[in-house]
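This report concerns only the one structure given below.
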Amino acid sequence: MALAKRPHGPNILITGTPGTGKSTLAAELAQKTNLKYVNIGEIAKDGQLFEGWDEQYQCPILDEDRVIDELEEVMSAGGNIVDYHGCEFFPERWFDIVFVLRTDNSVLYERLENRGYSGKKLEDNIQCEIFQTILDEARDSYKVDIVHELPSNNPEDLEDNLEKISAWIQQYVTNQGGIV
Ligand code: ADP
Ligand code: MN
């Protein structure tokens, strides 16, 4: 048989505006499957993979090249669920499928307020969702047929998404003849 493209299984990107539920979905999915949860924000923090401070948004600026170097090996082997609120700087070859979570404005507003966001930061994130910025970014960065929008408004959506993605993973693994 041909060598598996990803010995440890598919690489999945979960992206979307902050507050849409990426970490919740990605962590539950990792528990439910045997894929590894890769939270880019946490990896950057742990390794201090930053290159300065964004005055406008009052947050550190990700050192994208170092993040990519750090992850190259694990991504090549496959079997990762990557969680990040952006998607254009990752190598296109890393991902087999991309999910963009979408949340209704009123629901998202409340989630971000509960997280302590206010003023410009809150408004900017709501605008990001209204203008489907991340969805467009994903469609510009990956083949459109691997980019899927998923509603993420309530617990039923979460369950549906978990089921759909798990089924997709199983199919992928079966098609490539198992996980090494
Ligand atoms: P992100 O990682 O995209 O910023 P989180 O996973 O941290 O988002 O979720 C933001 C908040 O919304 C959390 O309080 C989480 O419990 C809640 N949440 C996430 N997904 C759902 C969902 N499908 N239904 C209801 N609440 C959700
Ligand atoms: Mn998160």
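Using N, Cα and C of the backbone, Cβ positions are placed for all residues, glycine too.
What TrEMBL says about this one:
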type	residues	note
BINDING	Gly19, Gly21, Lys22, Ser23, Thr24, Arg115	ATP binding site
REGION	39-62	region 'NMPbind'
REGION	114-124	region 'LID'
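Features per TrEMBL, on structure.
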| residue | record | DSSP (3 states) |
| --- | --- | --- |
| Gly19 | ATP binding site | coil |
| Thr24 | ATP binding site | helix |
| Arg115 | ATP binding site | coil |
For this session: Identify which of the binding-site residues Lys22, Arg115 has its Cβ surrounded by the largest number of other Cβ atoms within 10 Å, counting every protein chain shown.
Result: Lys22
Problem set entry | For the ATP site built from Gly19, Gly21, Lys22, Ser23, Thr24, Arg115, further residues of that chain with CB within 8 A of the site's CB center | Pro18, Thr20, Leu25, Leu101, Arg111
Exercise. What is the biggest Cα to Cα gap, in Å, among Gly19, Gly21, Lys22, Ser23, Thr24, Arg115, the residues listed as binding ATP?
Worked result: 14
Seminar exercise, completed: Across the region 'NMPbind' (39-62), DSSP yields 8 helix, 10 strand, 6 coil
Seminar exercise, completed: Candidates Gly19, Gly21, Lys22, Thr24, Arg115 (binding-site residues) with CB under 6 Å from ligand 2, in sequence order, are Lys22
Problem set entry | Contact set, same chain, for the region 'LID' (114-124): CB under 8 Å, 6 or more residues outside the stretch | 19, 57-58
Problem set entry | Nonlocal neighbours by CB distance (under 8 Å) for Ser23 (ATP binding site), same chain, sequence gap 6 or more | Asn39, Asp83
Seminar exercise, completed: CB neighbours within 10 A of Gly21 (ATP binding site), counting all protein chains shown, number 25
